[in-house]
Amino acid sequence: MTNLRKTHPLMKIINNSFIDLPTPSNISSWWNFGSLLGICLIVQILTGLFLAMHYTSDTMTAFSSVTHICRDVNYGWLIRYLHANGASMFFICLFLHVGRGLYYGSYMFLETWNIGVLLLFAVMATAFMGYVLPWGQMSFWGATVITNLLSAIPYIGSDLVEWIWGGFSVDKATLTRFFAFHFILPFIIAALAGVHLLFLHETGSNNPSGLCSDADKIPFHPYYTIKDILGILLLILILTSLVLFSPDLLGDPDNYTPANPLNTPPHIKPEWYFLFAYAILRSIPNKLGGVLALVLSILVLAVVPFLHTSKQRSMMFRPFSQCLFWILVADLLTLTWIGGQPVEHPFIIIGQLASILYFLLILVLMPITSLFENNLLKW
């Protein structure tokens, strides 16, 4: 009798994706983050669903409803903090996943990479709108500042902003639509993740060496299922430690003050995972220029495959490119730090230099270094 998992139409899809999938035998723990992102998404959708059962998207009651969830709902505090810190874990995994792709040349799978960039944009949009929902001070002013950036678009800018607001300022209409979008987007992200996997399974996984691994493939199950479970356990350990010991570590104290349009907080800043992009935005003294730099800071990832000048795929055997990669990581950490600092000397100049270096590394220095390494090997 033929095996059901190989013949049943639904089981066959699962089998070919997670059980009998031919996988390179040498992929390291850096390849765990795809499954971790899947787990993060599931956790976010489930906790978000339970939060939505008690949340009200009205300016008068939004803040109170979140307080009610934390105080009166059974384990509401746990659900709320799992959701808030789950977002942080999501972004940590995302950044590591993208970093892995850059280091090992996974971006050479064009379709997979481009869907990934689209996913990054979608997750960032979802997180931004979710941050607005508790209707604290930072929620309100963050929404005001970021949506206002669209007014920099020539000709249609101011009309566009009022259209998004649903009025002349961030108000009830804005909150209601942000809640609607925040609810629907994770399901769109899940669908996109399915397409991401579909394209990945067309080519098969990359591996640390960047070489073709067709001659040495092993089944995904049990080897990588057990490896993924280890990663998932570590993720759960870190997330629960964060939630149970210091749930507000990554949050902003200002968000425990109800939104007040008449009182601006001294330092408006987004969640930590947006600080690098926020620093790039602030480093340009022109509004439109800043908005373009902000968008390009993520969109530049889509250009990376076309700037690959090396004869080798991975950075595993390219020491000079490795140095530049780690400089890029340090630069992003610097930008993250600057994004949380006030706009004053010396932070302004540090932010501007770090922003220039960010684009310079990706667009100029890395491709030139790759060409230099080709000559070094006399290829």
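Note that Cβ sites are derived from N, Cα and C of the backbone, with glycine treated the same way.
The feature transmembrane segment is assigned by Swiss-Prot to 33-53 (among others), with similarity to another entry given as support.
The feature transmembrane segment is assigned by Swiss-Prot to 77-98 (among others), with similarity to another entry given as support. Note on the transmembrane segment (77-98): residues 30, 33-34, 36-37, 40-41, 43-44, 47-48, 50-51, 66, 69-71, 116, 120, 123, 127, 130, 235, 238-239, 242-243, 247, 250-251, 271-273, 301 of its chain, located 6 or more positions outside it, place their CB under 8 angstroms from a CB of the stretch.
The number of other CB atoms found within 10 A of the CB of His182 (heme b b562 binding site), across every protein chain shown, is 21. Under the three-state DSSP scheme, His182 (heme b b562 binding site) falls in the helix class. Swiss-Prot lists His83, His182 with the feature heme b b562 binding site.
Taken residue by residue with DSSP, His97 (heme b b566 binding site) is part of a helix. What Swiss-Prot lists as heme b b566 binding site is His97, His196.
Here the transmembrane segment (113-133) has long-range neighbours at 55, 57, 62, 66, 87, 90-91, 94, 98, 101, 106-107, 139-140, 142-143, 146, 174-175, 178-179, 181-182, 185-186, 188-189, 192-193, 195-196, 199, 270-271, 273-274, 298-299, 301-302, 304-305, meaning same-chain residues at least 6 beyond its ends whose C-beta is under 8 angstroms from one of its own. What Swiss-Prot lists as transmembrane segment is 113-133 (among others).
For 178-198 (among others), the entry in Swiss-Prot reads transmembrane segment, with the evidence type similarity to another entry. Beyond its flanks by at least six residues, the transmembrane segment (178-198) meets 17, 37-38, 41, 44-45, 48, 52, 55, 57, 112, 115-116, 118-119, 122-123, 125-126, 129-130, 132-133, 143 of its own chain at Cβ-Cβ distances under 8 Å.
Contacts of His201 (ubiquinone binding site) defined by a Cβ separation under 8 A and a same-chain sequence distance of 6+ are given as Asn16, Ser17, Leu21, in order along the sequence. Among the features that Swiss-Prot reports, ubiquinone binding site is placed at His201.
What Swiss-Prot lists as transmembrane segment is 226-246 (among others), and the listing cites similarity to another entry.
Annotated transmembrane segment per Swiss-Prot: 288-308 (among others), in sequence order. Non-local neighbours of the transmembrane segment (288-308) in the same chain are 98, 102, 105, 107-108, 110, 113-114, 117, 120-121, 124, 149-150, 152-154, 276-278, 280-282, 355, 358-359, 362-363, 366-367, 370; each lies 6+ residues outside the stretch with a CB under 8 Å from one of its CB atoms.
Within the chain, the transmembrane segment (320-340) has long-range Cβ neighbours (under 8 A, six or more residues past its boundaries) at 99, 102-103, 269-270, 272, 274-280, 282, 310, 347, 350-351, 354-355, 357-358, 361-362, 365-366, 369-370, 372-373. The annotation transmembrane segment is assigned in Swiss-Prot to 320-340 (among others) on the grounds of similarity to another entry.
Sequence-distant contacts of the transmembrane segment (347-367) (same chain, six or more residues past either end, CB-CB distance under 8 Å): 279-280, 282-284, 293, 296-297, 300, 303-304, 307-309, 321, 324-325, 327-328, 331-332, 334-335, 338-339, 341. Annotation source Swiss-Prot lists transmembrane segment at 347-367 (among others), citing similarity to another entry.
Sequence-distant neighbours of His97 (heme b b566 binding site): residues of the same chain at least 6 apart with a C-beta under 8 Å from its C-beta are Phe33, Gly34, Leu37. Within 10 Å of the Cβ of His83 (heme b b562 binding site) there are 21 other Cβ atoms, across all protein chains. Same-chain residues at least 6 positions away in sequence with a Cβ under 8 Å from that of His196 (heme b b566 binding site) are, in sequence order, Thr112, Ile115, Gly116, Leu119. In the three-state DSSP scheme, His196 (heme b b566 binding site) is classed as helix.
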